[in-house]
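K.L.:
Dropping a structure here in C-alpha coordinates format, bear with me for questions.
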Amino acid sequence: MSLIKHHKLLETNVFLLVLGIFVTVAVGGLVEIVPLFSIKSTIENVRGIRPYTPLELAGRDIYISEGCYNCHSQMVRPFRDEIERYGHYSLAAESKFDHPFQWGSKRTGPDLARVGGKYSNEWHTRHLIDPRSVVPESIMPGYPHLATTPLEYGSIAAHMKTLDVVGRGEMYGPVEGAYENAIADLEAQATPGADTDALVARYSDFAYGPDRAEDETTTMALGDLDGNPDVITEMDALVAYLQVLGTMVDFTDYDETRKAEWIR
Amino acid sequence: MADHPERDEITGRYTTGHEWDGIKELNTPLPKWWVWVFYATIAWSVVYSVAYPSWPAMAGYFGGLTGWNARSALTEDLAEARDARSEWLTQIAAKDVPAILEDNTLRSYAMRGGEVLFKENCAPCHQTGGAGAFGYPTLADDEWIWGGAPEDILATIRYGIRDQDNPDTRINYMPAFGDDWFTDEQIEAVAGYVYALSHGEAPAEGPGQALFMQQCVSCHGPDGGGNAMLGGPPLNNRIFLYGGDKEDIAAQVRNPTHGVMPPWENRLSDEEIKQLAVYVHSLGGGQ
(Lines of atoms letter the chains of each structure in order from A and count residues from 1; the text may use other names and numbers.)
(Lines give C-alpha, C1' and ligand atoms only; values in the text may rest on other atoms or scores of the structure.)
Protein backbone atom coordinates (compact mmCIF):
# COMPACT_ATOMS: atom_id res chain seq x y z
CA MET A 1 0.00 0.00 0.00
CA SER A 2 3.04 2.24 0.13
CA LEU A 3 2.57 3.03 -3.58
CA ILE A 4 -0.91 4.33 -2.91
CA LYS A 5 0.43 6.39 -0.02
CA HIS A 6 2.91 8.04 -2.38
CA HIS A 7 0.16 8.69 -4.88
CA LYS A 8 -0.77 11.77 -2.92
CA LEU A 9 2.67 13.12 -3.68
CA LEU A 10 2.04 12.73 -7.46
CA GLU A 11 -1.39 14.28 -7.26
CA THR A 12 -0.24 17.32 -5.35
CA ASN A 13 2.99 18.04 -7.24
CA VAL A 14 2.43 19.29 -10.78
CA PHE A 15 6.01 18.63 -11.87
CA LEU A 16 5.92 14.99 -10.73
CA LEU A 17 2.46 14.51 -12.26
CA VAL A 18 3.65 15.74 -15.69
CA LEU A 19 6.73 13.54 -15.43
CA GLY A 20 4.58 10.52 -14.58
CA ILE A 21 2.24 11.13 -17.50
CA PHE A 22 5.19 11.54 -19.87
CA VAL A 23 6.78 8.26 -18.78
CA THR A 24 3.49 6.39 -19.17
CA VAL A 25 2.82 7.70 -22.68
CA ALA A 26 6.45 7.20 -23.72
CA VAL A 27 6.29 3.49 -22.90
CA GLY A 28 3.36 3.05 -25.28
CA GLY A 29 5.16 5.01 -27.98
CA LEU A 30 8.39 3.08 -27.60
CA VAL A 31 6.70 -0.29 -27.87
CA GLU A 32 4.84 0.69 -31.04
CA ILE A 33 7.30 2.93 -32.83
CA VAL A 34 10.82 1.78 -32.02
CA PRO A 35 10.62 -1.63 -33.76
CA LEU A 36 9.75 0.18 -37.01
CA PHE A 37 13.17 1.90 -36.97
CA SER A 38 14.79 -1.44 -37.70
CA ILE A 39 12.70 -2.07 -40.87
CA LYS A 40 13.46 -0.23 -44.10
CA SER A 41 9.88 -0.43 -45.33
CA THR A 42 6.70 -1.82 -43.86
CA ILE A 43 5.24 -2.33 -47.34
CA GLU A 44 6.00 -5.43 -49.35
CA ASN A 45 7.57 -4.55 -52.68
CA VAL A 46 5.39 -6.27 -55.23
CA ARG A 47 6.25 -6.92 -58.87
CA GLY A 48 4.17 -4.88 -61.30
CA ILE A 49 3.40 -1.93 -59.04
CA ARG A 50 4.24 1.42 -60.61
CA PRO A 51 3.32 5.08 -60.06
CA TYR A 52 0.39 6.43 -62.06
CA THR A 53 1.08 7.71 -65.55
CA PRO A 54 0.50 11.47 -65.95
CA LEU A 55 -2.96 10.90 -67.46
CA GLU A 56 -3.95 8.47 -64.70
CA LEU A 57 -2.62 10.89 -62.10
CA ALA A 58 -4.72 13.69 -63.56
CA GLY A 59 -7.70 11.32 -63.44
CA ARG A 60 -6.97 10.54 -59.83
CA ASP A 61 -7.12 14.26 -59.03
CA ILE A 62 -10.54 14.41 -60.64
CA TYR A 63 -11.62 11.33 -58.69
CA ILE A 64 -10.69 13.19 -55.51
CA SER A 65 -12.07 16.59 -56.51
CA GLU A 66 -15.42 15.10 -57.56
CA GLY A 67 -15.60 13.34 -54.20
CA CYS A 68 -15.86 9.80 -55.59
CA TYR A 69 -14.27 8.56 -52.37
CA ASN A 70 -17.35 9.68 -50.45
CA CYS A 71 -19.26 6.69 -51.79
CA HIS A 72 -16.60 4.33 -53.15
CA SER A 73 -13.91 2.55 -51.19
CA GLN A 74 -10.75 1.14 -52.76
CA MET A 75 -9.96 -1.76 -50.49
CA VAL A 76 -10.95 -5.38 -51.00
CA ARG A 77 -10.76 -6.82 -47.52
CA PRO A 78 -9.54 -10.38 -46.94
CA PHE A 79 -12.99 -11.92 -46.56
CA ARG A 80 -14.54 -14.64 -48.68
CA ASP A 81 -17.59 -12.63 -49.76
CA GLU A 82 -15.50 -9.67 -50.88
CA ILE A 83 -13.06 -11.85 -52.79
CA GLU A 84 -15.86 -13.66 -54.60
CA ARG A 85 -17.35 -10.37 -55.65
CA TYR A 86 -14.37 -8.12 -56.33
CA GLY A 87 -11.32 -10.35 -56.75
CA HIS A 88 -8.09 -10.79 -54.83
CA TYR A 89 -7.82 -8.82 -51.58
CA SER A 90 -5.93 -5.54 -51.80
CA LEU A 91 -2.24 -5.50 -50.99
CA ALA A 92 -0.59 -2.65 -49.10
CA ALA A 93 1.78 -2.22 -52.05
CA GLU A 94 -1.12 -1.48 -54.37
CA SER A 95 -1.64 1.82 -52.52
CA LYS A 96 2.01 2.68 -52.07
CA PHE A 97 1.91 5.41 -54.74
CA ASP A 98 -1.38 6.83 -53.50
CA HIS A 99 -0.88 10.07 -51.59
CA PRO A 100 -3.30 10.17 -49.91
CA PHE A 101 -4.58 6.60 -50.17
CA GLN A 102 -8.19 6.07 -51.25
CA TRP A 103 -9.10 3.08 -49.07
CA GLY A 104 -12.20 4.82 -47.77
CA SER A 105 -14.53 3.58 -45.10
CA LYS A 106 -17.94 3.88 -46.68
CA ARG A 107 -19.50 1.95 -49.53
CA THR A 108 -22.61 3.60 -50.86
CA GLY A 109 -21.42 2.38 -54.24
CA PRO A 110 -19.32 -0.71 -54.86
CA ASP A 111 -15.64 -1.01 -54.05
CA LEU A 112 -13.44 0.19 -56.91
CA ALA A 113 -10.09 -1.31 -55.96
CA ARG A 114 -10.34 -3.86 -58.80
CA VAL A 115 -12.61 -2.03 -61.24
CA GLY A 116 -9.85 -1.71 -63.87
CA GLY A 117 -10.62 -3.82 -66.95
CA LYS A 118 -14.03 -4.85 -65.67
CA TYR A 119 -15.92 -2.56 -68.05
CA SER A 120 -15.13 -1.00 -71.42
CA ASN A 121 -13.99 2.62 -71.72
CA GLU A 122 -17.22 3.36 -73.54
CA TRP A 123 -19.25 1.95 -70.63
CA HIS A 124 -17.39 4.10 -68.10
CA THR A 125 -18.01 7.22 -70.16
CA ARG A 126 -21.68 6.46 -70.62
CA HIS A 127 -22.05 5.52 -66.96
CA LEU A 128 -20.34 8.67 -65.71
CA ILE A 129 -22.47 10.88 -67.96
CA ASP A 130 -25.73 9.19 -66.94
CA PRO A 131 -25.42 6.22 -64.57
CA ARG A 132 -29.04 5.15 -64.98
CA SER A 133 -28.66 4.75 -68.73
CA VAL A 134 -26.75 1.53 -68.05
CA VAL A 135 -27.58 0.65 -64.44
CA PRO A 136 -31.28 1.44 -63.99
CA GLU A 137 -31.25 0.97 -60.21
CA SER A 138 -28.19 3.16 -59.65
CA ILE A 139 -28.38 6.13 -57.27
CA MET A 140 -25.08 7.62 -58.43
CA PRO A 141 -25.23 11.21 -59.67
CA GLY A 142 -24.23 11.92 -63.27
CA TYR A 143 -21.02 13.75 -64.10
CA PRO A 144 -21.75 14.91 -67.68
CA HIS A 145 -19.52 17.98 -67.33
CA LEU A 146 -16.42 15.76 -67.28
CA ALA A 147 -16.97 14.89 -70.94
CA THR A 148 -17.13 18.53 -71.98
CA THR A 149 -14.40 19.99 -69.74
CA PRO A 150 -10.95 20.00 -71.36
CA LEU A 151 -8.31 18.62 -69.01
CA GLU A 152 -5.87 21.19 -67.64
CA TYR A 153 -2.53 19.46 -67.46
CA GLY A 154 0.08 22.18 -67.88
CA SER A 155 1.33 21.68 -64.32
CA ILE A 156 1.32 17.90 -64.31
CA ALA A 157 5.14 17.62 -64.10
CA ALA A 158 5.23 19.94 -61.09
CA HIS A 159 2.48 17.89 -59.52
CA MET A 160 4.52 14.73 -60.02
CA LYS A 161 7.59 16.37 -58.48
CA THR A 162 5.56 17.36 -55.43
CA LEU A 163 4.31 13.82 -55.03
CA ASP A 164 7.88 12.60 -55.29
CA VAL A 165 8.75 14.76 -52.28
CA VAL A 166 5.87 13.19 -50.36
CA GLY A 167 7.05 9.77 -51.53
CA ARG A 168 10.58 10.44 -50.26
CA GLY A 169 12.05 10.42 -53.75
CA GLU A 170 10.91 6.87 -54.44
CA MET A 171 7.91 7.69 -56.55
CA TYR A 172 8.64 9.45 -59.85
CA GLY A 173 12.34 9.98 -59.15
CA PRO A 174 13.34 6.48 -60.29
CA VAL A 175 11.10 6.63 -63.39
CA GLU A 176 13.55 7.74 -66.05
CA GLY A 177 12.36 10.83 -67.93
CA ALA A 178 9.07 11.03 -66.05
CA TYR A 179 9.14 14.81 -65.62
CA GLU A 180 10.64 15.86 -68.97
CA ASN A 181 8.11 13.74 -70.86
CA ALA A 182 5.13 14.23 -68.56
CA ILE A 183 3.06 16.27 -70.99
CA ALA A 184 4.09 14.20 -74.00
CA ASP A 185 3.23 11.00 -72.09
CA LEU A 186 -0.15 12.37 -71.07
CA GLU A 187 -1.02 13.36 -74.62
CA ALA A 188 0.26 10.10 -76.08
CA GLN A 189 -1.88 8.01 -73.75
CA ALA A 190 -5.07 9.87 -74.62
CA THR A 191 -4.53 10.23 -78.37
CA PRO A 192 -5.71 7.43 -80.65
CA GLY A 193 -2.94 6.02 -82.78
CA ALA A 194 -0.19 7.94 -80.96
CA ASP A 195 3.23 6.41 -80.42
CA THR A 196 3.03 5.11 -76.87
CA ASP A 197 6.13 2.90 -76.89
CA ALA A 198 8.24 5.33 -74.86
CA LEU A 199 5.46 5.84 -72.30
CA VAL A 200 4.79 2.13 -71.88
CA ALA A 201 8.50 1.30 -71.69
CA ARG A 202 9.15 4.01 -69.12
CA TYR A 203 6.53 2.76 -66.68
CA SER A 204 7.07 -0.94 -67.47
CA ASP A 205 10.76 -0.58 -66.62
CA PHE A 206 9.80 0.71 -63.21
CA ALA A 207 7.01 -1.84 -62.67
CA TYR A 208 9.09 -4.92 -63.44
CA GLY A 209 12.55 -3.65 -62.55
CA PRO A 210 15.81 -4.83 -64.03
CA ASP A 211 14.53 -8.38 -64.57
CA ARG A 212 11.77 -7.19 -66.88
CA ALA A 213 11.23 -9.55 -69.80
CA GLU A 214 11.30 -8.05 -73.28
CA ASP A 215 7.57 -8.44 -73.91
CA GLU A 216 6.49 -7.67 -70.35
CA THR A 217 4.51 -4.44 -70.34
CA THR A 218 2.41 -2.72 -67.75
CA THR A 219 -1.32 -2.41 -68.45
CA MET A 220 -2.79 1.00 -69.17
CA ALA A 221 -5.81 2.28 -71.06
CA LEU A 222 -4.65 3.80 -74.35
CA GLY A 223 -6.29 5.88 -77.03
CA ASP A 224 -9.44 7.93 -77.11
CA LEU A 225 -11.17 6.88 -73.91
CA ASP A 226 -14.27 9.08 -73.90
CA GLY A 227 -15.49 8.80 -77.50
CA ASN A 228 -14.25 12.28 -78.38
CA PRO A 229 -10.86 12.04 -80.12
CA ASP A 230 -10.54 15.79 -80.66
CA VAL A 231 -10.01 16.95 -77.07
CA ILE A 232 -8.40 15.44 -73.99
CA THR A 233 -11.16 15.89 -71.45
CA GLU A 234 -11.41 15.26 -67.74
CA MET A 235 -13.40 12.17 -68.73
CA ASP A 236 -10.38 10.74 -70.59
CA ALA A 237 -8.26 11.17 -67.48
CA LEU A 238 -10.81 9.70 -65.08
CA VAL A 239 -11.44 6.67 -67.30
CA ALA A 240 -7.67 6.08 -67.61
CA TYR A 241 -7.44 6.14 -63.82
CA LEU A 242 -10.42 3.81 -63.28
CA GLN A 243 -9.09 1.36 -65.87
CA VAL A 244 -5.75 0.94 -64.11
CA LEU A 245 -7.17 0.36 -60.63
CA GLY A 246 -6.19 -3.06 -59.33
CA THR A 247 -4.63 -4.23 -62.61
CA MET A 248 -0.95 -3.74 -61.85
CA VAL A 249 -0.37 -7.03 -60.05
CA ASP A 250 -0.78 -10.26 -61.98
CA PHE A 251 -2.62 -12.43 -59.49
CA THR A 252 -2.82 -15.38 -61.89
CA ASP A 253 0.86 -15.75 -61.12
CA TYR A 254 0.40 -15.46 -57.36
CA ASP A 255 0.23 -18.15 -54.76
CA GLU A 256 0.88 -17.84 -51.01
CA THR A 257 3.51 -20.56 -50.93
CA ARG A 258 5.66 -18.73 -53.50
CA LYS A 259 5.30 -15.40 -51.75
CA ALA A 260 9.02 -14.96 -51.16
CA GLU A 261 9.94 -15.17 -54.84
CA TRP A 262 6.95 -13.12 -55.92
CA ILE A 263 7.74 -10.27 -53.59
CA ARG A 264 11.05 -8.69 -54.40
CA MET B 1 -5.22 7.73 2.22
CA ALA B 2 -2.91 8.76 4.98
CA ASP B 3 -5.35 10.62 7.19
CA HIS B 4 -8.66 9.11 8.13
CA PRO B 5 -11.47 10.50 6.00
CA GLU B 6 -14.19 12.13 7.96
CA ARG B 7 -17.81 11.18 7.85
CA ASP B 8 -20.29 13.65 6.38
CA GLU B 9 -22.87 14.51 9.01
CA ILE B 10 -25.88 14.87 6.78
CA THR B 11 -25.57 11.83 4.52
CA GLY B 12 -23.56 9.69 6.91
CA ARG B 13 -21.07 8.86 4.14
CA TYR B 14 -17.30 9.27 4.09
CA THR B 15 -15.75 12.20 2.29
CA THR B 16 -12.68 11.98 0.08
CA GLY B 17 -10.82 14.16 2.52
CA HIS B 18 -10.31 16.86 -0.12
CA GLU B 19 -11.51 20.32 0.62
CA TRP B 20 -11.87 23.35 -1.63
CA ASP B 21 -12.96 26.60 -0.05
CA GLY B 22 -14.89 24.73 2.60
CA ILE B 23 -16.63 22.43 0.15
CA LYS B 24 -16.00 18.74 0.66
CA GLU B 25 -16.55 15.89 -1.75
CA LEU B 26 -18.42 12.69 -0.85
CA ASN B 27 -16.57 9.50 -1.63
CA THR B 28 -18.72 7.62 -4.14
CA PRO B 29 -16.81 4.54 -5.30
CA LEU B 30 -17.54 2.82 -8.62
CA PRO B 31 -20.02 -0.08 -8.36
CA LYS B 32 -18.34 -3.36 -7.56
CA TRP B 33 -19.64 -5.05 -10.75
CA TRP B 34 -18.06 -2.33 -12.86
CA VAL B 35 -14.72 -2.68 -11.14
CA TRP B 36 -14.68 -6.43 -11.64
CA VAL B 37 -15.59 -6.16 -15.30
CA PHE B 38 -12.71 -3.73 -15.67
CA TYR B 39 -10.31 -6.20 -14.05
CA ALA B 40 -11.66 -8.92 -16.31
CA THR B 41 -10.90 -6.90 -19.47
CA ILE B 42 -7.31 -6.46 -18.28
CA ALA B 43 -7.01 -10.21 -17.72
CA TRP B 44 -8.56 -10.84 -21.16
CA SER B 45 -6.09 -8.52 -22.87
CA VAL B 46 -3.23 -10.58 -21.43
CA VAL B 47 -4.79 -13.84 -22.66
CA TYR B 48 -5.50 -12.27 -26.07
CA SER B 49 -2.01 -10.90 -26.57
CA VAL B 50 -0.56 -14.33 -25.83
CA ALA B 51 -2.96 -16.17 -28.12
CA TYR B 52 -3.04 -13.80 -31.12
CA PRO B 53 -0.49 -11.73 -33.06
CA SER B 54 0.31 -8.80 -30.80
CA TRP B 55 3.66 -7.47 -29.66
CA PRO B 56 5.96 -5.86 -32.20
CA ALA B 57 9.59 -6.92 -32.06
CA MET B 58 12.81 -5.61 -33.59
CA ALA B 59 12.39 -7.92 -36.59
CA GLY B 60 8.83 -9.04 -37.12
CA TYR B 61 6.31 -9.53 -34.35
CA PHE B 62 5.06 -12.05 -31.82
CA GLY B 63 2.66 -14.22 -33.79
CA GLY B 64 0.64 -15.61 -30.89
CA LEU B 65 0.41 -19.18 -29.62
CA THR B 66 -2.63 -20.09 -31.74
CA GLY B 67 -0.74 -19.18 -34.94
CA TRP B 68 -3.80 -17.36 -36.31
CA ASN B 69 -3.40 -14.77 -39.05
CA ALA B 70 -5.86 -13.09 -41.36
CA ARG B 71 -4.46 -14.48 -44.60
CA SER B 72 -4.36 -18.13 -43.53
CA ALA B 73 -7.81 -17.77 -41.97
CA LEU B 74 -9.03 -16.52 -45.33
CA THR B 75 -7.36 -19.39 -47.18
CA GLU B 76 -9.16 -21.84 -44.89
CA ASP B 77 -12.44 -20.01 -45.38
CA LEU B 78 -12.11 -20.14 -49.15
CA ALA B 79 -11.10 -23.81 -49.09
CA GLU B 80 -14.12 -24.59 -46.92
CA ALA B 81 -16.45 -22.85 -49.37
CA ARG B 82 -14.83 -24.69 -52.26
CA ASP B 83 -15.20 -28.03 -50.50
CA ALA B 84 -18.88 -27.35 -49.94
CA ARG B 85 -19.30 -26.81 -53.68
CA SER B 86 -16.74 -29.32 -54.83
CA GLU B 87 -19.30 -31.97 -55.72
CA TRP B 88 -20.58 -29.69 -58.47
CA LEU B 89 -17.47 -27.72 -59.26
CA THR B 90 -15.36 -30.79 -60.05
CA GLN B 91 -18.03 -32.00 -62.46
CA ILE B 92 -18.24 -28.58 -64.09
CA ALA B 93 -14.46 -28.47 -64.39
CA ALA B 94 -14.39 -31.94 -65.97
CA LYS B 95 -17.16 -31.44 -68.51
CA ASP B 96 -17.46 -29.07 -71.44
CA VAL B 97 -20.43 -26.74 -71.72
CA PRO B 98 -22.60 -28.91 -74.05
CA ALA B 99 -22.20 -31.84 -71.63
CA ILE B 100 -23.22 -29.64 -68.70
CA LEU B 101 -26.29 -28.52 -70.64
CA GLU B 102 -27.33 -32.13 -71.12
CA ASP B 103 -26.97 -33.05 -67.46
CA ASN B 104 -30.14 -31.68 -65.85
CA THR B 105 -28.91 -31.50 -62.25
CA LEU B 106 -25.59 -30.03 -63.19
CA ARG B 107 -27.24 -27.55 -65.51
CA SER B 108 -29.56 -26.25 -62.82
CA TYR B 109 -26.60 -25.81 -60.49
CA ALA B 110 -24.66 -23.96 -63.19
CA MET B 111 -27.73 -21.83 -63.92
CA ARG B 112 -27.94 -20.65 -60.31
CA GLY B 113 -24.22 -19.93 -60.13
CA GLY B 114 -24.29 -18.29 -63.54
CA GLU B 115 -27.20 -16.07 -62.55
CA VAL B 116 -25.31 -14.69 -59.55
CA LEU B 117 -22.18 -14.14 -61.61
CA PHE B 118 -24.18 -12.53 -64.40
CA LYS B 119 -25.78 -10.02 -62.04
CA GLU B 120 -22.42 -8.89 -60.70
CA ASN B 121 -20.34 -8.98 -63.86
CA CYS B 122 -22.51 -8.85 -66.98
CA ALA B 123 -25.72 -7.00 -66.10
CA PRO B 124 -24.10 -3.52 -66.03
CA CYS B 125 -23.88 -3.74 -69.84
CA HIS B 126 -26.18 -6.55 -70.99
CA GLN B 127 -28.82 -5.68 -68.37
CA THR B 128 -30.75 -8.00 -66.09
CA GLY B 129 -31.74 -11.20 -67.84
CA GLY B 130 -29.62 -10.28 -70.86
CA ALA B 131 -32.18 -7.74 -72.08
CA GLY B 132 -29.45 -5.69 -73.74
CA ALA B 133 -29.22 -1.94 -74.30
CA PHE B 134 -28.08 0.48 -76.99
CA GLY B 135 -24.61 -0.74 -77.92
CA TYR B 136 -24.81 -3.86 -75.75
CA PRO B 137 -26.26 -6.93 -77.48
CA THR B 138 -29.37 -8.63 -76.17
CA LEU B 139 -28.47 -12.12 -74.95
CA ALA B 140 -32.02 -13.31 -74.50
CA ASP B 141 -32.79 -13.53 -78.21
CA ASP B 142 -31.53 -15.88 -80.90
CA GLU B 143 -29.43 -13.37 -82.80
CA TRP B 144 -25.71 -13.78 -82.15
CA ILE B 145 -22.90 -11.64 -83.49
CA TRP B 146 -20.07 -14.03 -82.59
CA GLY B 147 -22.09 -17.24 -82.47
CA GLY B 148 -24.58 -18.69 -80.02
CA ALA B 149 -23.23 -22.21 -79.68
CA PRO B 150 -21.99 -23.04 -76.17
CA GLU B 151 -18.33 -23.01 -77.21
CA ASP B 152 -18.76 -19.67 -79.01
CA ILE B 153 -20.33 -18.07 -75.94
CA LEU B 154 -17.58 -19.53 -73.78
CA ALA B 155 -14.86 -18.08 -76.02
CA THR B 156 -16.51 -14.65 -76.09
CA ILE B 157 -16.73 -14.53 -72.30
CA ARG B 158 -13.23 -15.86 -71.83
CA TYR B 159 -11.37 -13.62 -74.29
CA GLY B 160 -13.70 -10.65 -74.73
CA ILE B 161 -14.20 -8.57 -77.83
CA ARG B 162 -11.67 -6.06 -79.18
CA ASP B 163 -9.74 -5.99 -75.90
CA GLN B 164 -6.56 -3.98 -76.27
CA ASP B 165 -4.37 -6.44 -74.33
CA ASN B 166 -5.79 -9.95 -74.75
CA PRO B 167 -4.08 -11.82 -77.61
CA ASP B 168 -7.02 -14.22 -78.11
CA THR B 169 -9.72 -11.59 -78.08
CA ARG B 170 -12.37 -11.62 -80.81
CA ILE B 171 -11.59 -8.82 -83.19
CA ASN B 172 -12.95 -7.30 -86.38
CA TYR B 173 -13.21 -3.80 -87.70
CA MET B 174 -15.75 -2.56 -90.19
CA PRO B 175 -14.18 0.04 -92.46
CA ALA B 176 -15.36 3.62 -92.12
CA PHE B 177 -16.98 3.94 -95.53
CA GLY B 178 -17.33 7.68 -95.05
CA ASP B 179 -13.53 8.07 -95.25
CA ASP B 180 -12.95 8.65 -99.00
CA TRP B 181 -14.64 5.37 -99.84
CA PHE B 182 -18.33 5.94 -100.44
CA THR B 183 -19.84 9.21 -101.52
CA ASP B 184 -22.74 10.58 -99.48
CA GLU B 185 -25.14 9.31 -102.16
CA GLN B 186 -23.65 5.85 -101.99
CA ILE B 187 -23.92 5.77 -98.18
CA GLU B 188 -27.51 6.90 -98.53
CA ALA B 189 -28.17 4.17 -101.09
CA VAL B 190 -26.59 1.34 -99.11
CA ALA B 191 -28.29 2.46 -95.88
CA GLY B 192 -31.59 2.49 -97.74
CA TYR B 193 -30.95 -1.03 -98.97
CA VAL B 194 -30.04 -2.31 -95.48
CA TYR B 195 -33.12 -0.61 -94.04
CA ALA B 196 -35.31 -2.34 -96.63
CA LEU B 197 -33.46 -5.61 -96.01
CA SER B 198 -34.22 -5.38 -92.29
CA HIS B 199 -37.89 -5.00 -93.12
CA GLY B 200 -37.85 -7.94 -95.52
CA GLU B 201 -38.37 -5.68 -98.52
CA ALA B 202 -34.92 -5.71 -100.10
CA PRO B 203 -35.04 -4.77 -103.79
CA ALA B 204 -33.50 -7.30 -106.18
CA GLU B 205 -31.39 -4.64 -107.87
CA GLY B 206 -30.46 -0.99 -107.67
CA PRO B 207 -27.42 1.07 -106.60
CA GLY B 208 -27.79 0.14 -102.91
CA GLN B 209 -28.09 -3.54 -103.71
CA ALA B 210 -25.05 -3.40 -106.00
CA LEU B 211 -22.89 -1.69 -103.37
CA PHE B 212 -24.07 -4.14 -100.72
CA MET B 213 -23.12 -7.08 -102.89
CA GLN B 214 -19.70 -5.54 -103.52
CA GLN B 215 -18.68 -4.34 -100.08
CA CYS B 216 -20.86 -5.85 -97.38
CA VAL B 217 -21.56 -9.49 -98.18
CA SER B 218 -18.18 -10.82 -97.08
CA CYS B 219 -19.07 -10.16 -93.44
CA HIS B 220 -22.84 -9.69 -93.43
CA GLY B 221 -23.69 -12.46 -95.91
CA PRO B 222 -25.37 -12.21 -99.35
CA ASP B 223 -28.82 -12.35 -97.77
CA GLY B 224 -27.77 -10.19 -94.84
CA GLY B 225 -27.80 -13.24 -92.60
CA GLY B 226 -24.51 -12.35 -90.94
CA ASN B 227 -21.35 -14.32 -90.39
CA ALA B 228 -20.62 -15.42 -86.83
CA MET B 229 -17.11 -16.58 -87.74
CA LEU B 230 -16.11 -13.00 -88.59
CA GLY B 231 -18.46 -11.35 -86.14
CA GLY B 232 -20.57 -9.77 -88.88
CA PRO B 233 -24.03 -9.17 -87.41
CA PRO B 234 -27.16 -10.21 -89.34
CA LEU B 235 -28.89 -7.29 -91.07
CA ASN B 236 -32.00 -9.09 -92.29
CA ASN B 237 -34.04 -8.39 -89.18
CA ARG B 238 -34.84 -5.39 -87.04
CA ILE B 239 -32.34 -6.18 -84.29
CA PHE B 240 -29.72 -3.44 -84.45
CA LEU B 241 -27.04 -2.66 -81.89
CA TYR B 242 -26.82 1.02 -82.76
CA GLY B 243 -30.34 1.75 -83.96
CA GLY B 244 -32.36 0.53 -86.95
CA ASP B 245 -33.51 3.81 -88.46
CA LYS B 246 -32.13 4.72 -91.85
CA GLU B 247 -30.08 7.56 -90.31
CA ASP B 248 -28.64 5.22 -87.67
CA ILE B 249 -27.64 2.71 -90.33
CA ALA B 250 -26.09 5.47 -92.47
CA ALA B 251 -24.10 6.73 -89.46
CA GLN B 252 -22.81 3.24 -88.82
CA VAL B 253 -21.76 2.85 -92.49
CA ARG B 254 -20.08 6.23 -92.49
CA ASN B 255 -18.05 5.80 -89.28
CA PRO B 256 -18.89 2.61 -87.38
CA THR B 257 -18.91 2.37 -83.61
CA HIS B 258 -17.03 -0.70 -82.39
CA GLY B 259 -18.06 -2.12 -79.05
CA VAL B 260 -15.58 -3.54 -76.57
CA MET B 261 -16.15 -6.37 -74.14
CA PRO B 262 -13.55 -7.12 -71.46
CA PRO B 263 -12.02 -10.60 -71.29
CA TRP B 264 -12.89 -12.53 -68.15
CA GLU B 265 -10.27 -15.28 -68.17
CA ASN B 266 -8.11 -13.58 -65.55
CA ARG B 267 -10.96 -12.24 -63.47
CA LEU B 268 -13.17 -15.33 -63.17
CA SER B 269 -12.22 -18.98 -62.76
CA ASP B 270 -12.75 -21.48 -65.54
CA GLU B 271 -15.67 -23.06 -63.65
CA GLU B 272 -17.27 -19.65 -63.23
CA ILE B 273 -16.94 -18.86 -66.94
CA LYS B 274 -18.55 -22.20 -67.80
CA GLN B 275 -21.45 -21.47 -65.46
CA LEU B 276 -21.89 -18.11 -67.15
CA ALA B 277 -21.85 -19.72 -70.59
CA VAL B 278 -24.56 -22.16 -69.47
CA TYR B 279 -26.62 -19.30 -68.07
CA VAL B 280 -26.26 -17.10 -71.16
CA HIS B 281 -26.94 -20.06 -73.46
CA SER B 282 -30.15 -20.76 -71.55
CA LEU B 283 -31.42 -17.18 -71.59
CA GLY B 284 -33.43 -17.90 -74.67
CA GLY B 285 -31.40 -18.14 -77.82
CA GLY B 286 -28.63 -20.67 -77.34
CA GLN B 287 -27.84 -22.65 -80.48
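Cβ atoms are placed via backbone N, Cα and C, with glycine included.
TrEMBL entries are annotated by machine, without manual review.
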K.L.:
For the heme c 2 site that TrEMBL gives with B:C216, B:C219, B:H220, which of B:M111, B:M174 also belongs there?
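P.N.:
Record source TrEMBL; matching candidate: B:M174.
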K.L.:
Restricting to the same chain and to residues at least six past its boundaries, which positions have a Cβ under 8 Å from a Cβ of the transmembrane segment (B:33-52)?
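P.N.:
For the transmembrane segment (B:33-52), the far contacts come to 62, 64-66, 68.
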K.L.:
So for B:H126 (heme c 1 binding site), how many other CB atoms are inside 10 Å of its CB?
P.N.:
22
K.L.:
According to DSSP, does B:C219 (heme c 2 binding site) sit in a helix, a strand, or coil?
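P.N.:
SS state of B:C219 (heme c 2 binding site) = helix.
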K.L.:
Could you tell me the mean pLDDT the prediction assigns to the domain 'Cytochrome c' (B:203-284)?
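P.N.:
Within the domain 'Cytochrome c' (B:203-284), the model's average pLDDT equals 93.
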K.L.:
How big is the gap, in Å, between the Cα of B:H126 (heme c 1 binding site) and that of B:C216 (heme c 2 binding site), rounded to a whole number?
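P.N.:
With the alpha carbons as reference points, the distance is 27 Å.
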